[in-house]
Amino acid sequence: MDFRGNLHRFLKFYIDGWKYFRDPTMECRHSAVYYWREQMKAMFLYTTSKERQLCFRSTWHFLVTIQVSICFLTMCYGVTESLGDKVQVGRDLAFLIGVFFIVFKLYYFHWYGDELDGVVETVEAFHPWAQKGPGAVDYRTSKRWYLVLAFLLASSWMAFLCIFLLLLITAPMWVHQQILPLHAAFPFQWHERSIYPTSHAIIYLFQSWSATYFLIWLVCIEGLSVSIYLELTFAIEVLCLELRHLHRRCHGYEQLRLETNRLVKFHQKIVEILDRTNNVFHGTLIMQMGVNFSLVSLSVLEAMEARKDPKVVAQFAILMLLALGHLSMWSYFGDMLSQKSLKISEAAYEAYDPSRGSREVYRDLCLIIRRGQQPLIMRASPFPSFNLINYSAILNQCYGILTFLLKTLD
């Protein structure tokens, strides 16, 4: 596919999302998961065995791996130049943690790309989840809400990313002590502008391209991950709708029995897909929690260390808010998934009608009620699930660290 075709493939989510946002009556055949995958394919960095069989994909994936490894290793080497300056070391470590998160995700999905694609294919195959035909439930409002939510998230992420990249790439032009977008050190001082101006320019362009490419990919893989859980939340809403409208759509015991049996399998399918999703994202969810907690702790420590310098405090306060914002987003969507899943048992109880049905129908409804009492969770064992309760516990832990540091430094 040519450049123009790939560009349209990447921008299709924003084009269709804007149309869907402006026109509530417009129908969309795909979920947000499909669009995020298309964006990653347009970037040639959807790391599945099927993609690697395409022309030059395997070579490109290898070059990208080398590229991100060079970025990370030179930044590690750059920390040695900052030793003695605690504030500069803190800045270097903050960027290093962020780059390590990208490196980890890139390597991780090189290994688990096929498993991720299997989940995406399953989710897209079942979308929009509802049974078609006479008496089908009206799921369009919920479907539109989740797609518009994904579109607004994607648009806001890309807008903030453009601002961040602009500040990052132009930083050496207005920060006197900075000569590269990312503080890094190369052998033979190739990064020094006064000694090797040509190699410095090449490294400057290399870092600018790498930062742009990998951060856009990070937004895409984060969007894909979040959208899979949002799609499962939408599936739960459809299941609740079909349970509440069970007797409106079914006439006769046999039809009712077949429908409740299908809904039991529908519920089980949601649980199975969620288990597969948690298994696929197991490593990244653990790393996510560790990276966010590390960034928050580092920000608090550096802000306390340089508390007499308002500029430094403001920089690390922004970093702390970004880390907490990222964690709060995942916690919110995890909590939404759990809270919606608890409504399944309520919907099944509302579907129970002693005057209609048979023993088999009641048995199926009781099975859904019993299963629905256990919330579906976004979790990477042995760590706690992503929800607002555990998010509050993390905030309390950070507050405890802050209080301890204040007492120690005073």
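Positions of Cβ are set from backbone N, Cα and C atoms, glycine also.
For 60-80 (among others), the entry in TrEMBL reads transmembrane segment.
Under 8 Å from some Cβ of the transmembrane segment (92-110) lie the Cβ atoms of residues 47, 61, 64-65, 68-69, 71-72, 75-76, 78-79, 82, 116, 182-183, 214-215, 217-218, 221, 283-284, 287-288, 291, 294-295, 298-299, 302, 316, 319, all in the same chain and six or more residues away from its ends. Summarising the annotation, TrEMBL assigns transmembrane segment to 92-110 (among others).
For 145-169 (among others), the entry in TrEMBL reads transmembrane segment.
Taken from TrEMBL, the feature transmembrane segment applies to 214-236 (among others).
Using a Cβ-Cβ cut-off under 8 Å and counting only residues 6 or more beyond its ends in the same chain, the transmembrane segment (313-333) has close neighbours at 90-91, 94, 226, 229-230, 233, 288-289, 291-292, 295-296, 298-300, 302-303, 306-307, 378, 386-388, 390-391, 394-395. Positions annotated as transmembrane segment by TrEMBL: 313-333 (among others).
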| Chain residues outside the transmembrane segment (145-169) and at least six past its termini with a C-beta under 8 angstroms from it | 13-14, 17-18, 20-21, 28, 31-32, 35-36, 181-182, 208, 211-212, 215-216, 219, 222-223, 226-227, 230-231, 233-234
